[in-house]
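Some features that TrEMBL has for this protein:
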| type | residues | note |
| --- | --- | --- |
| SIGNAL | 1-26 | signal peptide |
| DOMAIN | 49-167 | domain 'DOMON' |
| DOMAIN | 176-376 | domain 'Cytochrome b561' |
| BINDING | His216, His252, His285, His321 | heme b binding site |
| TRANSMEM | 217-235 | transmembrane segment |
| TRANSMEM | 247-268 | transmembrane segment |
| TRANSMEM | 288-305 | transmembrane segment |
| TRANSMEM | 317-337 | transmembrane segment |
| TRANSMEM | 352-375 | transmembrane segment |
Amino acid sequence: MASPFKISALLLTFCVSISLTLPVRSQTCASQTFTNNNLYTHCLDLPTLSSYLHFTYDAANSTLSVAFFASPSKSSGWISWAINPKVPAMGGAQALVAFKDSKGVMSAKTYNISTSTPYLVEQSKLAFDVWDTRAEEESGVMRIFAKIKVPPELAAKGTLNQVWQVGSNVDAAKGVPTIHDMGAPNLNSKGTLDLNGGKSVSSGGLDSRTKRKNIHGVLNAVSWGILFPLGIVIARYLRTFPSADPAWFYLHVFCQVSAYAIGVAGWATGIKLGSESKGVQFSLHRNIGIALFALATVQIFALFLRPKKDHKYRFYWNIYHHGVGYAILILGILNVFKGLDILQPGDKWRTIYIIVIAVLGGIAALLELITWIVVLRRKSSKSTKPYEGYGGQSRP
């Protein structure tokens, strides 16, 4: 029979493979129209943030005409499309940004983004000529229009690095965009644009960092969010039935040890991701994760100090064991939802996890009812049993 550690390793491998299949949302731009009947040679569905790019490139004079469409989560939000002369990344990008001003009128402005973190965003002229900039908004969709003089070195290559972004708010006092979300769609909104063929060799596939984030999310969702609650359900309810002894105990230990092994791997990937994300912090998610790791480690090693059933300290050990276990249960599920808010893998993954937790909760509720019925029947049976007096005679 395979040991719990070997099975945990298989589960860990399965979780990693699932994490690499998380999809990136795609959209369509073919049906989009323009209020001024502008026509563009090419139309691209950008792989993240429900964004689209229409463009025409005139190679004779290195002029790029663009129309960028995106939908911020709020009407007070902003959208941006940028060219980075060096790399497909935010640092060093030359950005076009559109948002509503204090009067509610759409405006388009140009910003330089510093190359080092924390990024500084400064409104200024770009490193190349830009003209005919304007912005508009209709039915929650914002649009930026502009013409750009492509730098000679980029024109010679026939490709350029593009970065796009959306944010939910604008600082009214300063009239500048506030920081955007740090979910996977926002951090993966970059790619390489082919000026001649209209093809985008973009980051529609997942880069290594996003893959590590998905691995981190799946490992922790399976461990703290599913296996650990399942282990608690097994321990709380199956032990009621004599026929399940000692199988319930070994199943309980298997679930908790597997959850801990997979959870430690997920925790380690989180620490690594945090060390690579200078200036980006998810304090509550991180602190809950550290607390989970600490509590689970204490819980695992406390098994080696478990008193025997008839020991006078067993009662206090049980109180500790149950208390810490339920604390891990609550914190684990809470942190899975915090992680989903950060990663933003798509609504279906949140729905799947809610369904899994709902099924576990429904099973627990049913077993709670059955357990109470069994316990009450046992008490009733004991209370009606004839009293055995001295000499083994039944009391009349």
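Our numbering is plain: 1 for the first residue shown, then up by one each step along the chain.
Every residue, even glycine, has its Cβ placed from backbone N, Cα and C.
Where the annotation comes from TrEMBL, it is an automatic prediction and has not been curated.
Look at the domain 'DOMON' (49-167): DSSP puts its residues at 6 helix, 67 strand, 46 coil. Looking at 217-235, 247-268, 352-375, the range that has the most CB pairs within less than 8 A of the transmembrane segment (317-337) turns out to be 217-235. Residues near His285 (heme b binding site) in space but far in sequence (CB under 8 A, at least 6 apart, same chain), listed by position: Asn335, Lys338, Gly339, Ile342.
Within its own chain, the transmembrane segment (352-375) is flanked in space by residues 221, 225-226, 229-230, 233, 236-237, 240-241, 333, 336-337, 340, which lie at least six positions past its ends and keep a Cβ under 8 Å from the stretch. Counting only same-chain residues at least 6 apart in sequence, those with a Cβ under 8 Å from the Cβ of His252 (heme b binding site) are Gly231, Ile234, Ala235.
Cβ contacts within 10 Å of His216 (heme b binding site), excluding its own Cβ and spanning all protein chains shown: 25.
When the record's heme b-binding residues His216, His252, His285, His321 are compared pairwise by CA position, the greatest distance found is 27 Å.
With a cut-off of 8 Å between CB atoms and residues at least 6 apart in sequence, the same chain places Gln299, Ala302, Arg306 near His321 (heme b binding site), listed in sequence order.
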